[in-house]
Amino acid sequence: MRIPLSRRLGPGQLLALDVVAAVVIGAGALANLLAGVWGAGVARWLTVPVAVLAGLPLALRRPVPAAAVLTGLILSVPAVSLGVGWLPALVLGPVLYTVANTVERRKSLSALGLALAVPLVCNLVAIGARAHEPVTVAWAVAGAGWALGRIARERREHDARSAEQSVVQAITEERLRIARELHDVVAHSMSLIAIKAGVANHVTDTRPEEARKAMRVIEETSRDALAEMRRVLGVLREGGAADLTPAPGISGLPGLVGRSGTRAELDIRGPGGPPAGVGLAVYRIVQEALTNVAKHAGDRACRVVVELTDDHARVEVVNEGERATGGAPPGNGLIGMRERVAAHGGTFSAGPRPEGGFAVRALLPYRRGETT
């Protein structure tokens, strides 16, 4: 998209252009006057100052818009009523554009009303008034300048509102992303810790080796959860560098499955890896699915399949247990998985299998070479 000239130049440069334009207009008006094109039969002492100052409103329109309008109206009086020419009235167009673009609507409408009324009144009361063409030109130029200025102002305000809404939306999406990350980390880790703590407490006296194994899982899970929480919360720090630890992905799945506390088997198919964003989504989907397996399927077998191709990642987590029908209502886990898949334009399904157990399936499309 091409950037307008008014945005590419600074205030000083724009003012310099206006001054140059004012000088050129004044010189042109004076040349036409001296050549007899304008002002025939009118005293030079009146017409020469008007011609020389014809472009002055242009030079004043940015620093002092009100003074520019007033100057333009004063100069348009002899231009319309004495036949010096309609150039001073023509200059009011850019002036009213600036006024409508920078001043509130009520004040800019007042300026437009004066710009329309003054030429008409001067033409009606002047003795020996000429044709109404100067008035028509003045009206057309003033109206067009004001209308274009209002359009530019409304477009600028609309762009500002859109930019503000984009910022708010980005903040909201970032908060949701952080909330999902925290939910995934806390829900998975705390569920596994609670399950293993119960196991350890139950078998401490009778099977100490199994109790020690459960405590090791609790230790590793706690350490990993703290590391992930530091990474996620790093983006909220003020005045400090965020943790640059890479986000988990496909390479972290073996460790995740090994610490899940379930009898899960992992099968990763396909060469290479997906983009980092898709890899993180796959990791979180498997993590949440294994959390649900640990909660509801007990010690039943579970199969995790991750298939990677050139254009998509397919995830399937299937357990052979039976999903609990009572207890607490479902939390945000399935909702979070569905949102992650939707963010990548994929498809998601989760539900009980006819032969028993529960299945979570997701398909996340991507293009090879993406970085997000």
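Glycine is no exception: its Cβ is also placed from the backbone N, Cα and C atoms.
Unlike curated records, TrEMBL annotations are generated automatically.
Feature annotations, reproduced from TrEMBL:
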- 14-35: transmembrane segment (TRANSMEM)
- 16-156: domain 'DUF7134' (DOMAIN)
- 42-60: transmembrane segment (TRANSMEM)
- 66-97: transmembrane segment (TRANSMEM)
- 109-129: transmembrane segment (TRANSMEM)
- 135-152: transmembrane segment (TRANSMEM)
- 280-367: domain 'Histidine kinase/HSP90-like ATPase' (DOMAIN)
How does the domain 'Histidine kinase/HSP90-like ATPase' (280-367) divide up by DSSP, counting helix, then strand, then coil residues?
28 helix, 30 strand, 30 coil
Averaging the per-residue pLDDT over the domain 'Histidine kinase/HSP90-like ATPase' (280-367), what integer do you get?
81
